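Noted in TrEMBL for the protein shown:
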- 7-29: transmembrane segment (TRANSMEM)
- GLU190, ASP337, ASP340: Ca(2+) binding site (BINDING)
- SER265: active site, nucleophile (ACT_SITE)
Amino acid sequence: MRVLTILGRVLAGLIVLVLLLAVGGYYYLKNATLPQTNGRLVTPGLSAPVEILRDANGIVHVKAANEHDLFFGQAVAHAQERLWQMEFQRRIGAGRLAEVLGEAAVPTDKFLRTLGVYRAAEQAYENLPDDLKAIVDAYVDGVNAYLATNPPLPLEFKLLGFEPEPWTPADVLVWQKMMSYDLSGNYEEELQRYRLLARGLSKARIEALIPGYPAAAPTIVRRIPERLRPRPVRETAPAPAPQGAAWVEELLALARTLPSSLEASNNWVVGPERSTTGKPLLANDPHLGLSAPSIWMLMELEAPTYRATGATFPGLPTIVIGKNERIAWGVTNHAADVQDLYVLEEAEGGYRYRGEVRPYHLRRETIAVKDADPVVLEVRETVYGPVISDVVGAPEGQALALRWVSLEPSDETMAAFYGIGKAANWEEFTAALLRLKAPSQNFVYADVEGNIGYLAPGKIPVRKPGHSGKYPVPGTGEWDWVGFVPAEALPRTYNPPEGYIVTANNRSTPEGWPYTFTHDWAPGFRAARIEQLIRARPKLSPEDFARIQGDEVSLMARSFRPVLERLRPQSERAAEWHRKLLAWDANETASSTEATVFQAWYAELARLPEAEVGQAYWNEPLYLKRALLEGDPACDARGVSCLDFAAQALERALARLDALGGIVPWGQLHPAVFDHGVMTHQPQLRRFFDREIAHGGDRFTVNMGAYDFATFRMNHGPSYREIVALGLPEQSYWIHPMGQSGNVLSRHYADLLPLWANVEYLPMGTGEPVARLVLEP
């Protein structure tokens with residue numbers, strides 16, 4: 001997950017690092033920041049010794065006599081390798097960045113304090129059943145036992161001049177809440193539509209600019225079960241336009257400084273009849289913001305009652321994505337709409353709700369600020385949740401309140417991930433997942449008996465007929481949620497007749513499903529391409545799965561061929577590239593110059609409604625293609641036909657590439673950039689902490705490579721890849737970018753990056769140990 005890059009500006013005084021390195025300080029710093037990985041370490045709180053084994057790639061295997069000691073040991077291993085990452089994450093969630101980073105972090109802290117994510121984490125812990133509290137407590141005890149050993153601290157602590165405080169249970173659960181925020185960003189889509197209303201656009205025009213899911217694109221579940229009665233969905237709820245767009249734009253910009261999922265991830269599974277191994281094969285590659293270090297840490301966890309292998313989140317116990325000895329699973333974002341904005345009708349003494357004036361519940365927050373006076377924040381709470389418009393000082397009468405399921409006090413999501421790690425069959429797997437609250441995710445499943453399945457669990461609101469969730473609605477009570485989608489109506493399938501299941505943030509259910517999950521799906525290009533590649537072979541091998549994960553053919557780029565066929569270039573040079581693009585197979589490899597020209601052209605096309613929408617680029621390919629082929633008011637406003645605009649865009653694209661140094665291979669213009677975040681904006685430190693490497697693809701390719709239109713530099717992509725051959729561990733593989741360590745001076749900080757960039761893998765599991773640390777009670 002990307003950290004908040006704005007915060008790097010506070011580090012201008014840290015050039016001393018460069019001087020230290022120049023005089024040999026590197027070796028001192030290396031010894032002073034790397035953890036002990038061999039020998040014995042006394043960590044009171046264990047009931048028996050715990051082994052932490054590391055192989056040559058830094059992959060960790062934790063062995064313990066019981067589950068308490070296992071999650072305690074997992075916490076120690078996480079803290080050894082990712083302590084700064086864990087510290088930064090909990091401070092984001094708690095709204096406590098400014099006390100170590102200064103005034104630049106105050107806006108982010110104010111926003112997170114207003115949301116009340118940390119308070120929600122505290123309430124969630126208090127409401128956990130005892131068995132789940134025991135897991136959280138074991139993890140917290142492990143982190144604190146490690147801190148009590150006075151360990152070497154990562155370089156970031158030394159540069160910023162502070163030491164980590166002891167951990168609490170809320171520090172664990174708050175990052176789960178923040179991941180839910182990352183993957184449940186519908187209120188940002190509501191704010192975007194609200195902003196367009198403020199600019200004077202009609203609902204009909206907004207719907208044209210943000211098209212719905214294409215009717216021909218694949219859905220995950222293909223059939224509506226007989227027990228579910230279809231029902232139509234119509235938008236009838238009023239969407240009051242705000243007075244002025246500036247404060248809405250400011251609020252939206254602030255929300256977007258936090259991580260964003262970009263609706264991108266892939267997973268798929270094939271049954272034994274479609275597999276060369278005779279058993280199911282499962283693949284997963286979740287797409288998240290690229291960061292240094294990686295968001296994941298790969299682990300094997302082993303105890304008598306829990307044994308699982310996969311990707312973990314530093315700061316959280318258990319395996320998140322992976323396998324055990326009986327089953328495997330993969331996860332993509334379902335993008336379910338679990339957030340709504342309500343426009344309050346303010347009155348003297350409060351706001352109107354169900355025919356009466358309700359008083360605001362006031363909550364005072366004090367934000368400590370490094371080298372400055374504290375900032376006092378007064379948060380107004382409503383029956384829906386916090387008034388988030390107060391963060392940007394919205395005009396009187398423009399209060400917006402947020403309702404979000406993750407802010408509600410009860411949350412057993414951790415039970416779901418703990419349970420699937422122990423599950424041995426479909427029944428146990430789904431029973432565990434039904435305890436998940438948020439974020440709603442697409443889980444694909446396979447087991448050694450040959451079964452495959454899919455379930456999208458989560459606490460997903462049911463809205464009144466007429467309320468789509470796409471726009472803010474009046475907060476006077478008439479558009480309140482009326483319940484949550486029942487378990488039997490959640491998207492699911494088990495051993496479908498096709499023999500495979502694909503999810504890529506595409507629509508989960510067919511038109512007519514009795515419940516609406518969201519309107520903001522990915523447009524279906526990746527899902528369609530994966531299905532093409534699966535159907536191209538009667539049986540697939542793990543190597544075929546690897547080729548699919550590395551596929552960079554862009555169906556989005558192919559969809560613009562009708563535009564290219566009708567386009568009339570305006571210069572000889574443009575005509576030459578026009579011919580090349582027509583002959584191109586839309587394979588956006590890192591070595592392709594056609595990909596460079598196409599993406600530069602697409603970026604210029606995305607400027608079409610710039611004046612209307614008030615932002616430079618509009619990355620909605622379904623809208624752009626329709627507009628260019630059928631005509632659009634944005635072209636009329638420019639005084640040209642849409643095809644002439646497309647031709648002009650090609651000329652501008654070539655000129656822009658010339659200004660950037662010429663037409664170079666796509667991977668050179670479009671490197672995958674792994675920002676540290678805090679250190680990224682300091683030139684003297686950026687090259688030390690950040691990494692980049694050539695990469696192909698675009699936002700819509702299987703090997704996803706979403707980029708910033710302003711720079712073409714890739715900022716979102718595959719954060720982890722796994723391929724699991726059920727019953728054949730020797731044919732199962734994994735990889736993640738960067739490396740296992742978050743310590744910049746470790747040899748495992750970025751040693752896996754070349755493998756990841758080349759879509760190469762390591763065997764899924766821990767290799768021969770090269771380091772053995774024993775934790776002793």
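Every residue, even glycine, has its Cβ placed from backbone N, Cα and C.
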Show which residues of the chain containing the residue listed as 'active site, nucleophile', separated from it by at least 6 in sequence, have their CB under 8 Å from its CB. ASN284, ASP285, PRO286, HIS287, LEU288, VAL331, THR332, ASN333, THR503, ALA504, ASN505
So around the Ca(2+) site, GLU190, ASP337, ASP340 aside, which residues have their CB within 8 A of the centroid of those CB atoms? ASN186, TYR187, GLU189, VAL338, GLN339, LEU341, GLY469, LYS470
In the three-state scheme derived from DSSP, which category covers GLU190 (Ca(2+) binding site)? helix
In all the protein chains shown, the tally of other Cβ atoms within 10 Å of the Cβ of ASP337 (Ca(2+) binding site) is 24
Does DSSP give ASP337 (Ca(2+) binding site) helix, strand or coil? coil
To see if you understand the setup: which same-chain residues, six or more apart in sequence, place their Cβ under 8 Å from that of ASP340 (Ca(2+) binding site)? TYR187, GLU190, TYR384, LEU402, ARG403, PRO461, ARG463, GLY469, PRO472, VAL473, TRP481
What's the number of neighbouring CB atoms sitting within 10 A of the CB on GLU190 (Ca(2+) binding site)? 24
